[in-house]
Amino acid sequence: QARAFVPSTCISAADRHSSTTTGGRVDAAAMAGWAAFLLKWHLVFMMVFAIAFGFLFPEPGKWVGENTPLTTIAVVVIFVISGFLLRTKELRDAMGSLGAVALGAVAILAVTPCLGFLLLEL
C-alpha cells in the first residue's frame, strides 16, 4: 500500500519504519515524497551547502572569484531559475498587498545586503 509523504514528526516510530521500508526495500511513495521535498527546497539546501563548503575550503572559492566570472553567472542563473518558477497569478495577487510588497522590498534591499556584508566579515 503506497502512502503519501508525511513529515516524520507526525507519525510514530513503528509507523515511520513501516512507511519507509517494505521487506528491506525502500518504499517508492516515501522516496517520491522526499524527492518532492528536496526539489521544493533545493535552492535553500544548495545555498547552505555552498556556504558551509566555502567556510571549510575557502581557497578554491578565492581562486574562482579572482580568475573567473562564475560568481556573476551563478547569480544570474539563480535569478533566472527563480523567475521561471514564479506563478504569475500568485505574483499578481501579492502585488495587491502593499504590506507584503514593502516587506519584500525591505528584505531584498536592506536585510539581504547586510547579511552579505556580515558574512564577508567572518
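Just so you know, glycine gets a Cβ as well, placed from its N, Cα and C.
Note that the structure is a prediction, hence the values are computed from the model and not measured.
What TrEMBL lists as transmembrane segment is 34-57 (among others). For the transmembrane segment (34-57), the residues of the chain that approach it from at least six positions outside its boundaries are 5, 78, 81-82, 119, 122, judged by C-beta separation under 8 angstroms.
The feature transmembrane segment is assigned by TrEMBL to 69-86 (among others). Counting only same-chain residues 6+ beyond the ends of the transmembrane segment (69-86), those with a CB under 8 A from a CB of the stretch are 43.
Outside the transmembrane segment (98-120), and at least 6 residues removed from its termini, the chain residues within Cβ reach (under 8 Å) are 51. Per TrEMBL, the feature transmembrane segment maps to 98-120 (among others).
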